[in-house]
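Straight from Swiss-Prot, the features:
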TRANSMEM  22-42  transmembrane segment
TRANSMEM  51-71  transmembrane segment
TRANSMEM  101-121  transmembrane segment
TRANSMEM  126-146  transmembrane segment
TRANSMEM  154-174  transmembrane segment
TRANSMEM  179-199  transmembrane segment
TRANSMEM  227-247  transmembrane segment
TRANSMEM  258-278  transmembrane segment
TRANSMEM  286-306  transmembrane segment
TRANSMEM  309-329  transmembrane segment
TRANSMEM  347-367  transmembrane segment
TRANSMEM  369-389  transmembrane segment
Amino acid sequence: MSADSADSVPSPRSAFATTLQIVSVVSFTFICYLTIGLPLAVLPGFVHDELGFSAIVAGAAISVQYFATLASRPLAGRCADTLGPKRTVLRGLAACGASGALLLSAFAFARWPAASIVLLVASRLVLGIGESLVGTGAILWGIGRVGTAHNARVISWNGIATYGALAIGAPVGVAISHALIPAVLGMLVIALAALGYYLARLITPVPLVHGERMSYASVLTRVLPHGLGLALGSAGFGSIATFITLYYAARHWPNAALSLTVFGTLFIGARLLFANTIKTHGGFRVAIVSFAFECAGLLMLWLAPVPHVALVGAALTGFGFALIFPALGVEAVALVPPASRGAALSAYSVFLDLSLGITGPLAGYVAGAFGYPQVFLCAAVAAAAGVALSTVLYQRQARLSGSGAAA
């Protein structure tokens, strides 16, 4: 075996050390999304039942966070590129703590509904900004610590931290609000953000990357095809997250929550076991296979005659969706100079925010007009379009590589 080939196969110890370096910074993403997940399932009931507002107002008060995240993506990318990932994460955690203080105030002013809802909306807006800063900063911090060769692993672990925290946070938040009082959630958000801020300060920053910085508009244009692919793939996740329980209820099937569990389990399992395939086979090839699995799973949900088939469909969808973000994300980030990686990552992530924001209302229209199964058929068509788009991008990349080699 040559020295080059020996070096290309990391030892178990070096692989573990790399993973440890990644986890040490994406843990701040976990903390950030815990502050999001803890009050998430409690707030709609608080706004509707305690404050007396309509379900529409309750939904809007929760959803405003996602618009804040979307609007602050350019800010997060610029901060990560110019201030550095560590300072970006610290600012994001500070915003999470501030959102906790505003949330605590909203609970304290529950006797005055108008004041309480204003404080709650302010809390959600600040939390959305914090989510954007921490999510972008943590990924770039991880890449800076382990090198660009491990981009896919960093993005994959960051996603595990994100969905893991949301899965844990929501039920824990409900349990705490029932056992104690909802105001405790505000205190817990402040405490978690403070803990994250303290721990983040202890970790060494990575050097700023100097060099050419592209304008955000130029970066957005460059990653547009990859972002469209991400949006197509996210439609399946959005459809399952929003409508799987209603789909089960319409068919009088039990255990709708189990389908969400298997979706999440296969999602995390795929990221843990197969993230390295992106480095080995390239992002586009992995994306093509991932979209195909997602499409197959969504078609099974559409046609499922019994709950067991729907369960397999949810599992395949989670398995397929798992690697779409990192697979296309690695290719998107590679298109820009190193000094613009933060902008590329934030611009690419915008399409996830947009897709999840648009999928709900569109899928709701489809469900009302044609029935719940057709929601998953439409998502399957989107995944099939993702296969086609990824194939075109892969072929274009191969042509460019071939012409470059010939030159």
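Each Cβ is built from the backbone N, Cα and C atoms, and glycine gets one as well.
Note that the structure is a prediction, hence the values are computed from the model and not measured.
Only sequence-distant pairs (6 or more apart) were considered; of these, fewer than three Cβ pairs between the transmembrane segment (369-389) and the transmembrane segment (258-278) are under 8 A, so the stretches are not in contact. Within its own chain, the transmembrane segment (227-247) is flanked in space by residues 220, 256-257, 259-260, 263, 287, 290-291, 294, 297-298, 301, 310, 314, 317, 320-321, 324-325, 328-329, 332, 347-348, 350-352, 354-356, 359-360, 363-364, 367, 372-373, 375-376, 378-380, 382-383, 385-386, 389-390, 393, which lie at least six positions past its ends and keep a Cβ under 8 Å from the stretch.
Note on the transmembrane segment (309-329): residues 151-152, 155-156, 159, 226, 229-230, 233-234, 236-237, 240, 244, 247-248, 253, 258-260, 262-271, 274-275, 277-278, 283-284, 286-287, 290-301, 303, 345, 348, 352, 376, 383, 386, 390 of its chain, located 6 or more positions outside it, place their CB under 8 angstroms from a CB of the stretch. Between the transmembrane segment (22-42) and the listed ranges 51-71, 126-146, 154-174, 179-199, 347-367, the one holding the most Cβ pairs under 8 Å is 154-174.
When Cβ distances are compared across the two stretches, the transmembrane segment (51-71) makes no contact with the transmembrane segment (258-278), since fewer than 3 pairs at least 6 residues apart fall below 8 angstroms. Here the transmembrane segment (154-174) has long-range neighbours at 19, 22-23, 26-27, 29-42, 135, 138-139, 142-143, 146, 185, 264, 267-268, 271-272, 275, 322-323, 325-326, 329-330, meaning same-chain residues at least 6 beyond its ends whose C-beta is under 8 angstroms from one of its own.
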